């Protein structure tokens, strides 16, 4: 989210395709032409909000306006605000609940315009840009102490660890260790100050290392400017580093026994400031977190023991006190403390005494070593030596911990890119400022210089270099302040300080006075003022006054050789690890001072940051009381000024949000123009500049939204860039949709094919079981009973459960429930019928019932109305094993009895599906059914009283029962079996392409395989010959010869009767007797089905009967075999029509007729005898195409298929034009080709390929 100092600017780092609403630029349409759907998402800065979320949207740009906006948002718990890509954060001093997992997930994959300002948005941008553009990233967090820099750094680490993915155990271990560095380094490097309860007293640059997949594989930490002076002294109400209080309060018993750990009140270094606790912080729990972090990092128990041994040594070292002896020299007051410190450091106690009270001095003469003298120290000097040793041990211990963390975080794979997080304490202005504040403020000046170079100066320089029209903005360049501090020529503050230390190194007071004299040479610098005992530097954050006293001693930053000799004499290897350098007694070179080290570290930091793409977080401290809801306007206004927020806003408003070289721009966005790309390939043949212009033109970006530079294209607003990225994402989205559509089409095609195969299989074989059951019924009857015609139809199936007792819901379920039919019973058969019911005093009468046969019982169910409500109950339940005999007659009637022989009379039943009932009962009894068929039906009318019912065959069409006799009609012979199953009506196969499953031609889009398959030609259907508009169509009939009227010269009636009329013509001969109809096979037809007749092309068969469903029953003339044959495969042979008798001669002309003139009589006679001429051809109308040539050897269909018939075609034989269209198959082919063309055009219109 930062500005770029390079051609590949930071603004290019916006994610592509993240902002759906950002595409509403230009004409407000996506590349695909659809209106923007997620337009509301883009309204985050336009909807009603608290103030403005981006300071560049302020109507008035001033420090006061920025202050008012930040205050308004702060009072409504909106602590984050943008300045373009820079995030401004105000410390709320309380938990707002904005760092939960749900909030974190809401920022995944989003650009800053889609979501409210947040530190997670900065982290998302940095991670996305690193992963997408393969550029190193860094986040620079700046602000004064207590503004929230450390918290922001932790939240960035939290976000990156959450979204960086990677399920591998090593990657997860790396994430855990990175997160564990926070509590560990905070405990050793943070402390409570007056302004901040968790102030970082060191600078930290954490560099997270990632592989090519964006997964963390390692990390590296560089620390800067540890405030080691805090170890030995703090001002009132401040504390030492957290670890001392955690260790003193929460140390386990083994450390208390081994290291003599006591409460913090017992140690001078932790009790001098009279502050032992931090509100809201549990030091014991924090110590446990520190131990856990050490374990996660991988510190062994021995390493942890050594770390805490050094902490105990430092605490006990602070309790060493000195008093003046008789000579005025320092003497140790309590030797036991010295002995315990020696035990902890594992050195000799005498050496400790000597190192703390005596200084070894060596004289030299002519470059040679001279005498060595022991110089006693006074109490002040002894205390300084003691504190120097404590500070050196802690400083080196902290460096060792950082190095140990880096050792554990060493990358475990190839490192592709990194994200750096800089957390360093900010600008400090105290009542008394010394060398520490000078170093801190110097580093902040360097960071401010980076910000100016990368965001302000580089922006203007690039516009000038690219000849871009814009409004220049004046800004303060703090390079002069950095030069004032660090330059050697002319000498700066650090150079003067080093010179004073070198010339007057023995006496601190003299060195300070020498330093003051050197500062006089800087008086001409406008950013410097030298005053009595102090000097003032005009920093970007304000004027700071530094006290000179003690600066030279702090700058020396070297441990006395006596103390180095002391620690190197330790028998503890860990102590040697902390102090690895050997004392070189002959080295005369000046060791590097503290200012040299901080200068080198700052320059290294700047070089590191310049190699990465920066993002910025500017933190602001709202008040000095660490109080929530309190906003000190004057303090915040001061921070706004020294952070340069106003200049940043003005630069942002006047500049361009995105810039990129022409080649990179074209490489990224060439897909958006049809003139620069085709099917994903780059096709532009011109130069990259014209290609970039073409892309912007085709994407309809307004001209005021961009400018073309010398080598780059500049886009003014980020919304325009997000629109381009959204279009690019839409391109890939469309490609994915097309692939998905093709795949889904294929799946639907495959599914449709499978369904058709299944449907065909079920149609061919699904009813076989039912047919077998039907044929079994014939076997059970055994030719003993006449059959009804409907019973032996070819379409008859034994379906079984006709009432639907087994169905869920509906009347069948109601009947099952009312009859109490167990759910464990399998229903084999059910139907409605009648039962003969005898009533007292009345003759028996059939009554409706429902018969239900299960695998265990036969239920006779009755339905009665009781109190106007239908009551369903089982009238009789008969176990199937109790049925001894089933009695039926040998006639076609539907009556039968179930002979049970119990205490109840046997039921006499009437059921139209009796044969099916017998069959299912036979199978339920496993073939043990005793079916008795005879001339009478026997049943027990009363228990033990056998009765018979006579069956009389008469002319009754319907069975009837009366007075013990059943009347029925004649039936089919008893040996009758079911007819062959009739074939269904043949219909044209529905193509798989119907419903736009696929393009015509099959799944590959090529020629359809169906097209190459021979299609049988259907016989043309005779149609009436079309007539002209003047003549109404009449049914075609055989012409009857009529006498020709005599030709007369006049229509007047003659008065002569002398002429005799000719006798009437003889009647026509009677038609010949019709013979059997025959048909010729046009194609081969083969079938294994017994009900179908196989034929070969050219074979003549006899037509037995025709069905209206497209099948004819035919007989083979050679074998007399009969079967069904498809009508479309046959051509009926029409017997030749005999020649009609010649017309009778015309009657003799009357004698009274006048003589014809000029031989007209001969002409008339010739016309009468000559055959009539053929009908004239239809004239070829202008603009009408000539009819195509007729196909070879067309079969005469005796009807003209011409759509505009000629009335003269009464002979039944069409004209050449009609003959060409006589083939129905040809006409259908033409129609199908026309329909296919129409469908193809429609599909091409629908398809966006």
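Glycine residues also receive a Cβ, built from the backbone N, Cα and C atoms like all the rest.
Annotated ATP binding site per Swiss-Prot: 143, 144, 145, 146, 147, 148, 149, 150, in sequence order, evidence recorded as sequence analysis. What Swiss-Prot records for 1199-1221 is compositional bias 'Polar residues'. The domain 'Myosin motor' annotation in Swiss-Prot covers 50-729. Taken from Swiss-Prot, the feature domain 'IQ 1' applies to 733-753. Look at Swiss-Prot and you will find 787-979 tagged as domain 'TH1'. If you look up Swiss-Prot, you'll see 1074-1135 marked as domain 'SH3', on the strength of sequence analysis. What Swiss-Prot records for 371 is phosphoserine. Annotated region 'Disordered' per Swiss-Prot: 1-40, 959-1081, 1127-1249, in sequence order. Swiss-Prot lists 418-500 with the feature region 'Actin-binding'.
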Taking every protein chain in this structure into account, which of the binding-site residues 145, 150 has the most other Cβ atoms within 10 Å of its Cβ? 150
For the residue listed as 'phosphoserine', just count the other CB atoms lying within 10 A of its CB, please. 9
Apart from the site residues 143, 144, 145, 146, 147, 148, 149, 150, the 8 Å Cβ neighbourhood of the ATP centroid comprises 91, 196, 199, 425, 426, 619, 621
Looking only at the domain 'SH3' (1074-1135), how are its residues distributed among DSSP helix, strand and coil? 3 helix, 29 strand, 30 coil
Going by DSSP, is residue 150 (ATP binding site) part of a helix, a strand, or coil? helix
Might you list, by sequence position, any residue in that chain lying six or more from residue 148 (ATP binding site) with a Cβ less than 8 Å away from its Cβ? 89, 90, 91, 619, 621
Expressed in Å to no decimal places, the gap between the Cα atoms of residue 147 (ATP binding site) and the residue listed as 'phosphoserine' is 56
10 Å Cβ neighbour count around residue 147 (ATP binding site)? 27
Measuring Cα to Cα, how many angstrom lie between residue 146 (ATP binding site) and the residue listed as 'phosphoserine'? 53
Please report the distance from the Cα of residue 144 (ATP binding site) to the Cα of residue 371 (phosphoserine), rounded to the nearest angstrom. 52
Would you mind reading off the Cα separation of residue 145 (ATP binding site) from residue 371 (phosphoserine), to the nearest angstrom? 50
Round to a whole number and give the Cα-to-Cα distance in Å for the pair residue 371 (phosphoserine) and residue 150 (ATP binding site). 53
Reduced to three DSSP states, the domain 'IQ 1' (733-753) has 21 helix, 0 strand, 0 coil
Stretch-averaged pLDDT - the domain 'TH1' (787-979): 91
The correct three-state DSSP answer for residue 144 (ATP binding site) is coil
